[in-house]
Amino acid sequence: MAARMKLKLKTVFVLYFMVSLMGLIYALMQLGQHCDCAEHDLPKDRAISRLQEELYRLQGQIRQLEKAKQPEKKQPPKSSLSTIFVITPTYARLVQKAELTRLSQTFLHVPQLHWILVEDSPRKTPLVSNFLMKSGLTYTHLNVPTAKERKLQEGDPSWLKPRGVEQRNEGLRWLREDRKTEPGDDGQQGVVYFADDDNTYSLQLFEEMRSTQRVSVWPVGLVGGMKFESPVVEGGKVVRFHTGWRPSRPFPMDMAGFAVSLRLVLANLDACFDGEAPMGFLESSLLKGLVTVDELEPKADNCTKVLVWHTRTEKPKMKREEALQVQGLGSDPAVEV
């Protein structure tokens, strides 16, 4: 087999050299020949085009043969990996599809990932439904509206009320119903992560969290008015938290800074996010029913590497669009943005 491959590769190289040489000779023969007839240039251009196509084809074959010679990296079978269940709240806005597109492109590179996308809406919207069908991901599409008294009003600061509470809890409810199995069953293997649709995630983060036994933790960049917030690790244990706001909170962490074992979620049916929790205590309202600080599992090289960033997309300015709409010249509403 190796000898046959070597012979085939040698043959391709010889053909590649001969075609290149013929093209060069043909081009040299045309130099210095004058012709006033434009139609005579057409066959010449076609011949050069055919030679170039043949050259590209041979180059492609060479690349395929070289790739075949390289030993493939051994990876564990997908079935042996713990599934990562990612719960993402989302709501209708101009940048929604853009945010979901960016996030889904990241998730496509993560093996054994199940995306639970929960709309803040009384019904599933066509935009999100169609988007998920074309995403190429394993997903579950849910919806539940935020209670009117908990919704932010126009002009309210984002920190005034906790957002995504009902949606995250709906994702937990679905997991507990869908993965309800006998204790010890493989259906309880997995990790639960809460990923907002506007954050930025390194692929390494998902491999770090995959081995979570109870609750794993790591730093989050660009959050809380700081370069990063992070658990502080000494001797392999979390001893305190690097944060600039109310470090006395039970778990002073961002939502993007931890993952929970699916088994732990299923074993604690009452654990959920409290929509009435004071500002900054939403994460603690879930975690205090699952784990103690001493039991936290530091990841990301003992919490010294930032693998997720609390980024925010700027709200688009629509002044020109609004002006055109007044004139009846606004953008076509049938075009999905």
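In case you wondered, yes, glycine gets a Cβ from its N, Cα and C as well.
As recorded in TrEMBL, the features of this protein are as follows:
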type	residues	note
ACT_SITE	E283	active site, proton donor/acceptor
BINDING	P89, T90, Y91, D120, R163, R168, D196, D197, D198, H310, T311, R312	UDP-alpha-D-glucuronate binding site
BINDING	D198	Mn(2+) binding site
SITE	E229	site 'Interaction with galactose moiety of substrate glycoprotein'
TRANSMEM	12-29	transmembrane segment
Span of P89, T90, Y91, D120, R163, R168, D196, D197, D198, H310, T311, R312 around UDP-alpha-D-glucuronate - largest C-alpha separation, Å: 20
Distance [Cα-Cα, Å, rounded] between E229 (site 'Interaction with galactose moiety of substrate glycoprotein') and T311 (UDP-alpha-D-glucuronate binding site): 14
Spatially closest candidate among P89, Y91, R163, T311, the listed binding-site residues, to the residue listed as 'active site, proton donor/acceptor' (Cα to Cα): R163
R163 (UDP-alpha-D-glucuronate binding site), number of other Cβ atoms within 10 Å: 21
Spatial neighbours of D198 (UDP-alpha-D-glucuronate binding site) that are distant in sequence (at least 6 apart) but have CB under 8 A: E99, T311, R312, T313
